[in-house]
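Could you have a look at this structure, given as structure tokens, before my questions?
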């Protein structure tokens, strides 16, 4: 697995995060250092490697200030498997709900997909060539071979030849005639020239097995996986366009071309050495002694999480994985509780603390304009597909930021997410009418913003429901 991103310096990591996330420099620095320490550890001898564990991070800050986005972007920068879980979804062992080990299994699933996607990209040309060969045969089929009547193990029991149904490869066919060869040659040429992309072709694809709905979450998942492995793969016939068929067939051939066992082992190692687990809402399982019954349950979840953070060997469908060198990032608003309300052992497993700042009007302005694909740029691009050009003035952007900030102060503070609802509401009419106004140019001014939003933003009751 190519993890060249891990060799980035902390400054380079922060620079890449700055392309997508505004502010929160302290948090960016801490995650950048944590990533660099992983690279430093990889250069040590084996004995030293085993002694050095990642320094887990606890992010403290209200919703919508960038906690999850920093962790997710960081993982993407270095090509590390990343999973986000919510602490409130877990329950103590023995109760209905997700057990804490499921977060590790989910991370391994992500790691397997990452590794296999990269390995499949290396054989994509060969897989596509095989897919094109198959498409030629499907578009100009030859006669199928008849079922063989030899080498059947039941023959001796019944005293005669029994058709060997189901044992021939479904792709086996009679040698093509000269006429078919000529047709296939012509079809191959047309395929290469892209002239048949919209033509329909029938292909056989593996049917997605149905889910078992009568069991609990974890039992359901484990039983489903076991049944999928035991039962033969059922194929169904579908009629699709040639371009879609090529993708389906190429993906299937790529699966056959890569070494699945080797990919699984590589994925397990990647999860162990590079995996990042983001545990959100960890403040919700902190105990503050207000409700003793709930406190017992919350402490149970914390104590179940603790061994995972300390280092446990977890059984997955791909093999065992050790969590000792995974990086865990806890996050929470800690409005009601405090980090000190976590059990002492769990506090000790998050030695790095970082407090994220609440967002100001200036931050909202920067969020709307600075990131690589900011919200303003997103809406401009979407409406441009309808040939509608939207121009936001600087004053209008400032007015949007002021309204978002004020609504956050007057109602629930949901941080930067408020900008999504504000922009969506403001552009609702324009988005609806855009298909019927090609080549239009719309200037978004402070007056336009106020016309669309002022009556709502100044009414606290309406703001709470609409914005």
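Note that Cβ sites are derived from N, Cα and C of the backbone, with glycine treated the same way.
Okay, so Swiss-Prot annotates it like this:
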- 22, 64, 65, 66, 67, 68, 69, 280, 345, 417: ATP binding site (BINDING)
- 178-192: compositional bias 'Basic and acidic residues' (COMPBIAS)
- 149-192: region 'Disordered' (REGION)
Under the DSSP assignment, what numbers of helix, strand and coil residues are found in the compositional bias 'Basic and acidic residues' (178-192)?
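Summed over the compositional bias 'Basic and acidic residues' (178-192), the classes give 15 helix, 0 strand, 0 coil.
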Could you tell me which of these binding-site residues, 69, 345, has the fewest other Cβ atoms within 10 Å of its Cβ?
345
Enter the number of other CB atoms within 10 angstroms of the CB of residue 65 (ATP binding site).
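Result for residue 65 (ATP binding site): 26 other Cβ atoms within 10 Å.
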How big is the ATP site in terms of the longest C-alpha to C-alpha distance among 22, 64, 65, 66, 67, 68, 69, 280, 345, 417, in angstrom?
34
What kind of secondary structure is residue 22 (ATP binding site) part of, going by DSSP in three states?
coil
What number of additional C-beta atoms lies within 10 angstroms of the C-beta atom of residue 67 (ATP binding site)?
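The answer is 25 other Cβ atoms.
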Does residue 22 (ATP binding site) have same-chain partners at least 6 apart in sequence with Cβ under 8 Å from its own Cβ, and which are they?
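Set apart from residue 22 (ATP binding site) by at least 6 residues yet with Cβ under 8 Å, we have 66, 363, 366, 367, 370, 371.
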